[in-house]
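Peer 1: Have a look at this one.
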Amino acid sequence: MKPFYVRELHVYPVGRNRIRLLAIAVLASLVANFETTIATILPLLRQDLGMTLEVYGLIAAASVLVGGLSAGFGGILSDRWGRVTILVPTLTVTAACNFLLATVETTTGLFVVRCLMLFIEGAGITITASLVRDFSPRLGRAQAFGFWTWGPVGAAFLASLIASVTLPMFGNAWQSQAIIMGVVSLVLCAVIIWQIAEPSAALRAQVMRAESAVRVEEKIDPGRVRELFRHPHLWAHVLGNTAWQVLYWTFAIFGPTILNEAFGMETAAANGVVAIGILLNALAVIVVGRFSDRLQTRKPFTAVGTVLTIAALGYYVSLIGSAVSTTQITVVYALMFLFMGVAYVPWMANFSEDAEDVESRLQGAALGIWGMVVRVMIVVLLIVSPQVVAGGGWRAWLLVGLAGQVIFLVSMVAFKGGWRPARRDAKTAA
């Protein structure tokens, strides 16, 4: 007997019903990312616990590894028992763990609670991506990738917005944010429980039968997977974008901390700046994705976005140590996030298409390899960046991020795809 919150669809949803289910799937992705967000309170948390950046980096790296291991188990369990069966409890229990986080008084306690939260959350986070794919309209590729980013991007925006508004109300007590995040997450979980659904096994089987002829004739074997490793342009994508991601994850993890330590901003004000940047990023990925799909070109958007990011980041770094206004920092920070959004989604579409051209059925494997390399990079970043900051300040580490952007720009030389819009077929007479 299935749990009360499991609703299986026996007919594929269309129209408004599909859009509603897609919105709930994106909301589940948002909650999964939101309830484990800690960047918004990191400056206050470190001060309260007397925790160095190096110690936090080690705690965060360990919890990321725990979450990665849990994600593997979550995928196996969801295949056996159903996606919603696993997803709803993981979201709800992780949300409740925020109340436990509010009781932390030592770095050891933080380590235990964060590992627990990411272990539970890790089992559900990959399921949200599957649900989003289940109900995604047949959009253009870049638009689809942009839409899928709304979960984590929306979570970061919501957390920063809440912190910027409510921290002053509670005397800048970081515990207030843990409690608020727990309450908000539980409320959103209630909405998800009320509305969520998933395709039944029989409905999925219909889709599988439609593809069975291809699968029987051409099974994916390790030899075909190894084929991906024989193409330098795919490695250029994976390694080049991993270098690009150094800057993105630096801001995702340490954004408010950098604004607090390098520019002397209060934590609430820093979160307000971050929220504006994230909002522009979220808008950029959708708008640019639409234009990229309409023109059927990727590289010009990625190149222009990266060049502008390098310019904005260079100026941002030059401001460290200077007497600058909050408005000036806000504008520069927002522009960096806007330009990163311009570069990112067209690149994802480009990478997906290049992998598909090598072997259409191994597109998922290519994205999986990229995701694994990026996860390793995040762990290294969490361990190494505090050491660099301790020796040379945030300016030194941001220059590492700038170097990553340059590496990505150079790697584009190896990418496939044209620099000009694809020619449209001549219109036929009516």
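Cβ from N, Cα, C; glycine included.
Keep in mind that what you see is a predicted model, and the values were worked out from it rather than measured.
Okay, these came from TrEMBL:
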| type | residues | note |
| --- | --- | --- |
| DOMAIN | 20-419 | domain 'Major facilitator superfamily (MFS) profile' |
| TRANSMEM | 21-43 | transmembrane segment |
| TRANSMEM | 55-77 | transmembrane segment |
| TRANSMEM | 84-104 | transmembrane segment |
| TRANSMEM | 110-132 | transmembrane segment |
| TRANSMEM | 144-166 | transmembrane segment |
| TRANSMEM | 178-197 | transmembrane segment |
| TRANSMEM | 234-256 | transmembrane segment |
| TRANSMEM | 268-289 | transmembrane segment |
| TRANSMEM | 301-324 | transmembrane segment |
| TRANSMEM | 330-352 | transmembrane segment |
| TRANSMEM | 364-384 | transmembrane segment |
| TRANSMEM | 396-415 | transmembrane segment |
Peer 1: Check for me, if you would, whether the transmembrane segment (55-77) reaches the transmembrane segment (330-352) - at least 3 Cβ pairs under 8 Å, residues 6 or more apart in sequence.
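Peer 2: In this chain the transmembrane segment (55-77) does not contact the transmembrane segment (330-352) - fewer than 3 Cβ pairs sit under 8 Å.
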Peer 1: Counting only residues 6+ away from its ends, which parts of the chain sit with a Cβ under 8 Å from the transmembrane segment (330-352)?
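Peer 2: Contacts with the transmembrane segment (330-352): 140-142, 145-146, 149, 234, 237, 241, 244, 247-248, 251, 259, 272-274, 276-278, 280-285, 288-289, 292-293, 297-299, 301-306, 308-309, 312-313, 315-316, 319, 363, 366-367, 370, 415-417.
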Peer 1: To the transmembrane segment (21-43), which of 84-104, 110-132, 268-289, 396-415 is linked by the most Cβ pairs under 8 Å?
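Peer 2: So the stretch in question is 110-132.
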Peer 1: Considering only Cβ pairs within less than 8 angstroms, which of the stretches 178-197, 234-256, 268-289, 301-324, 396-415 has the most against the transmembrane segment (364-384)?
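Peer 2: Out of the listed stretches, 234-256 contacts the transmembrane segment (364-384) most.
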Peer 1: Select the range from 110-132, 178-197, 234-256, 301-324, 396-415 that forms the most Cβ-Cβ pairs under 8 Å with the transmembrane segment (268-289).
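Peer 2: The listed stretch sharing the most Cβ pairs with the transmembrane segment (268-289) is 234-256.
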